[in-house]
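Engineer: Here it is, the structure, as C-alpha cells.
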Amino acid sequence: MGSVLGLCSVASWIPCLCGSAPCLLCRCCPSGNNSTVTRLIYALFLLVGVCVACVMLIPGMEEQLNKIPGFCENEKGVVPCNILVGYKAVYRLCFGLAMFYLLLSLLMIKVKSSSDPRAAVHNGFWFFKFATAVAIIIGAFFIPEGTFTTVWFYVGMAGAFCFILIQLVLLIDFAHSWNESWVEKMEEGNSRCWYAALLSATALNYLLSLVAIILFFVYYTHPASCSENKAFISVNMLLCIGASVMSILPKIQESQPRSGLLQSSVITIYTMYLTWSAMTNEPETNCNPSLLSIIGFNTTRPVPKDGQSVQWWHPQGIIGLVLFLLCVFYSSIRTSNNSQVNKLTLTSDESTLIEDGNGRSDGSLDDGEGVHRAVDNERDGVTYSYSFFHFMLFLASLYIMMTLTNWYRYEPSREMKSQWTAVWVKISSSWIGIVLYVWTLVAPLVLTNRDFD
C-alpha cells in the first residue's frame with residue numbers, strides 16, 4: 001500500500017517536469033512571480049554544475065575519471081596525469097554548461113511575452129532541458145583533445161572577462177539600491193541610527209580596502225623587484241581615490257543625488273579584490289607568495305622535479321565563487337528600477353508588471369496546493385530579456401571554468417602554468433570597471449538631453 005501511495009506521489013510530479021517553473025517550487029515555497037522562480041531554477045541548475053565541477057577536482061574523483069579510456073592517454077608531462085584529468089574534466093563540464101545556455105540564448109532572441117511559444121520552453125519542459133544539458137556535458141567528454149583545451153582556455157578567458165564586467169554592473173546596481181534604501185529609512189524616521197549604519201558600512205569598506213593595500217605592498221612587492229605589482233597597486237589606489245572624490249563633488253551630487261561614498265566604497269573594495277586576484281596569477285613566485293606562506297604555515301604538498309607546483313584550492317578562487325553565487329542569485333531576484341542598469345542588462349521595469357499581475361484573478365495564477373501560487377506577470381511583456389539572461393549564464397559558466405582552474409593554461413610542455421595574459425585580463429577589467437562607474441556619475445552632465453532617472 002505504501003509503495004502504491006509513493007508511486008502516486010511521484011506520478012503527481014510528472015506533469016511538473018514538463019510544465020512551468022512554479023509547479024516545481026511552489027509546493028515548498030511561498031507565492032511568487034513566474035519570472036523570478038524561473039530564473040532561480042536556472043541559477044540552481046548552474047549551482048549544481050559548479051558543485052559537480054568542484055567534486056571533479058577532488059583527487060579521489062580524478063583517479064576514477066582517469067579510468068575513462070583514452071581520456072588521459074599519453075600524458076607523461078611533469079604535472080601528474082591525475083591532476084590534468086581534473087582540470088580537463090572541469091573544462092569539458094563547463095563547455096557543456098556553456099553550450100547549453102548559449103543554445104537557449106539563441107533560441108530566446110526577441111521573445112516579447114509569455115504568450116510566445118518559445119516562452120513555454122524557457123519556463124517549462126524542465127526534464128527535457130536538463131536531459132539535454134546532461135547529454136551535451138557527456139558528449140563534451142568525448143571531444144578529441146587536440147587543441148581543445150588551448151582554444152577553450154582563450155574562449156573562457158574572454159567570457160570570464162565579460163562576466164567580471166557584468167558582476168561590476170550588478171554590484172553598482174546593488175550599491176545604489178542599498179544606499180537608496182537606507183537613505184529612505186533615514187528620512188522616514190530614526191535618522192541617527194540609519195545615518196550611523198550608512199557611515200559604518202562605508203567606513204568598513206574603505207578600512208578593508210586600506211588594509212588590503214598595505215598587505216599588498218608588504219607581501220606582493222619587494223624593494224628591488226615586482227615593479228608590475230607596485231604599478232598595479234598604486235594605479236588602482238589612485239583611481240579609486242579619484243572615483244570616490246568625484247562621487248561627492250557638488251556638480252555630481254546635483255545631477256546624481258543617489259551617488260555617494262557608499263557606492264564608491266563598494267567599487268573600491270571590489271577593485272582591490274581584482275588587483276589581488278591578478279597578482280596571484282603572476283608566473284614569478286617571488287612576487288606571488290601563497291596564502292599559506294604568508295600566514296606562516298609550511299606546506300607539505302608534493303612538488304615536481306622542476307619546481308612547478310599545483311595547488312588544489314586558492315583563496316582568491318573561493319572569494320570569486322562566493323561573488324559569482326551572489327551575482328547570479330541577485331540577478332535572478334533583482335527588481336531594481338535603476339533605468340541605467342536595466343538598459344545595460346536589457347531588463348524592463350518590473351514593478352508595473354508585478355502590480356498588473358497581482359491584479360488579475362482569471363487565468364493569471366498557476367494554481368498550486370493551498371495558497372502556494374505563482375503569478376504569470378509576463379503576459380503583457382517580459383520583465384527581463386530571456387536571451388540576455390541565458391547569455392549571462394553562458395559567460396558565468398566560462399567564469400566558473402577559469403576560477404576553478406585558477407586561470408591556469410595547459411602548456412605544450414604538459415605543465416599547468418599561470419599566464420601574464422590572465423593577469424592583464426583581470427587588471428584591465430578593474431580599470432574598465434572604474435571607468436564604467438565614473439561614467440554613471442558624469443553621464444548626466446555630459447549628455448544633458450537624455451533622461452538618466
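Using the three backbone atoms N, Cα and C, a Cβ is placed for every residue, glycine included.
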Engineer: Consult Swiss-Prot and decide if P117 and S225 are found on one and the same side of the membrane.
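Structural biologist: Topology check (Swiss-Prot): P117 vs S225, domain names differ.
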Engineer: According to Swiss-Prot, which residue out of S35, S364 bears the annotation phosphoserine?
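Structural biologist: In Swiss-Prot, S364 carries the phosphoserine label; others show none in the record.
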Engineer: May I ask which of the stretches 40-60, 198-218, 232-252, 388-408, 427-447 has the most CB pairs under 8 A with the transmembrane segment (89-109)?
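Structural biologist: Answer, by Cβ pair count: 388-408.
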Engineer: Please give the sequence-distant neighbours of the topological domain 'Cytoplasmic' (253-259): residues at least 6 beyond its ends with Cβ less than 8 Å from one of its Cβ atoms.
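Structural biologist: That would be 176, 179-180, 183, 247, 440-441, 444-445, 452.
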Engineer: So, does the transmembrane segment (388-408) come close enough to the transmembrane segment (232-252) to give 3+ Cβ pairs below 8 Å, pairs being at least 6 apart in sequence?
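Structural biologist: Judged by the Cβ rule, the two regions do not touch, with the required three close pairs absent.
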Engineer: Quick test of the contact rule: Cβ under 8 Å, at least six residues beyond the ends. What residues does that give for the transmembrane segment (260-280)?
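Structural biologist: Here the qualifying positions are 164, 167-168, 171-172, 174-176, 178-179, 182, 198, 201-202, 205-206, 208-209, 212-213, 216, 220, 229, 232-233, 236, 239-240, 243-244, 247-248, 287-288, 314, 316, 319-320, 323, 422-424, 426-427, 429-430, 433-434, 437.
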